[in-house]
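Below you'll find the structure, written out as structure tokens, and then a few comments.
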Amino acid sequence: MFIGIAALVLAVGAYIYKEGLRPHEILTRLAGSFAFWGATGPQRTITDGSDSKASINLEKVKGGGNGTADGGYIAGLPSRRDKVDMVVVEDEEEDPTTPTAPVKIELSIPDVEVESKGVRSRKGKARRMPDDDSDEDLSVPMFPALNSAQRASKPASVPQAPSLVVPGSMGPPPLPVPKLATGPPSLALPSFAAPGLMPPPPIPMRKPAGSSAASARNAQYARPGGSSSSSLGVPPSASSLAVPPSASSSLGVPKTSSLQLPPTHSQPPPKPRQKVILTPGHSPLDWANHQRNLPFVPLRRIAPSELATHGARKNETKTYWTVLEGKVYDMTPYLPYHPGGEKELLRVAGKDGTKLFNLTHPWVNWDNMLRGCEVGILVSENEMLKKEVTVDSGAGGEEEDLESMD
Ligand code: HEM
């Protein structure tokens, strides 16, 4: 009896020392302990009168002299917390001071959301709660509570039943957690329980290629025969980082190097700029000023045959026309202002230049730039013939019809 009391006092002292409790905290916990031990019979029943958020925090108060590592019984510390943190069950046969009868702790908490993860014995082995009358996971979490990494590695807990029974002698099967020290009582905490010595979080594993949405997106860039860039998840834009063949050969990089990204043929290599040196006074700003001073030309219908007479060759008119999206422009005054040079501009003289224009510089606002150069709209030969018939029959003027078409 005396030894038992001494051991109890030692355990309490060690517990207070370990927890660094202040006097008022000790009193609070003691009060909780008395309330817990005040239960009668071998079964300890803790009932929270409230109907929600009631919980119990069970901690060891008696046993081998330290808080968690070696022996001792459990102190129930009812509190208003949301979770049951731990239930530590003593191995009865190792502590002669405790009754030999199995001790059952029953928590009767109606309508309480209790999250429990497991039961840890005095030797540190976590035990699963035996299947109760329900198939829910009733195990209580170990103390200290699992860290986020440990929680993540466990299956999600299910809501707890209002009644929680912890048999003292017949514990649930052990959980795969590190074993606690079983030597003489000491204040040494197990590695996973020591503050600041929590196991590091698991290293995030990179998902295998092909399983993620990103790799699925990259799959569309994969070459037909399959390429290393798709399996590595390298976006096609990264191909610009590849060593060009000429450089790699001069650097002595073997062409079959696995480090070299495969060449992509999705886009042709960019052409070097072909801007010409314009004669002074022919800058874009000069053209803007010059365009304002161009004489107004009444718009009219123009057939392809007439357009062809304003081509680069066999041109007696000495004016050069082109068509952009159905509009006929006399680009003669613009020739010396064209940043790409007269020669390039004359490639579309006498024909529709829309396609070549858009292939070269689709960003250029031709409609604005050539507004003063517009001479008419392109119509087919048939339409020109019809119109001539109409004009001959005296049904209105040609220019009026063109305006109504606009
Ligand atoms: C007919 C109306 C055209 C207009 C109003 C026009 C206007 C322009 C303008 C404003 C630029 C400078 C673009 C810039 O700096 O970003 C330019 C550049 C150029 N244009 Fe045109 N252009 C025309 C037709 C053509 C055609 C038919 C060709 C034939 C391929 C052509 C070939 C070029 C070239 C090679 C450049 C130099 C591109 C560069 O800066 O690298 N242009 N043009």
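Backbone N, Cα and C define each Cβ position, glycine as well.
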With TrEMBL as the source, identify the stretch among 112-170, 289-347 annotated region 'Disordered'.
112-170
Summarise the domain 'Cytochrome b5 heme-binding' (299-379) as counts of helix, strand and coil residues per DSSP.
27 helix, 18 strand, 36 coil
Per-residue pLDDT averaged over the domain 'Cytochrome b5 heme-binding' (299-379) comes to what?
95
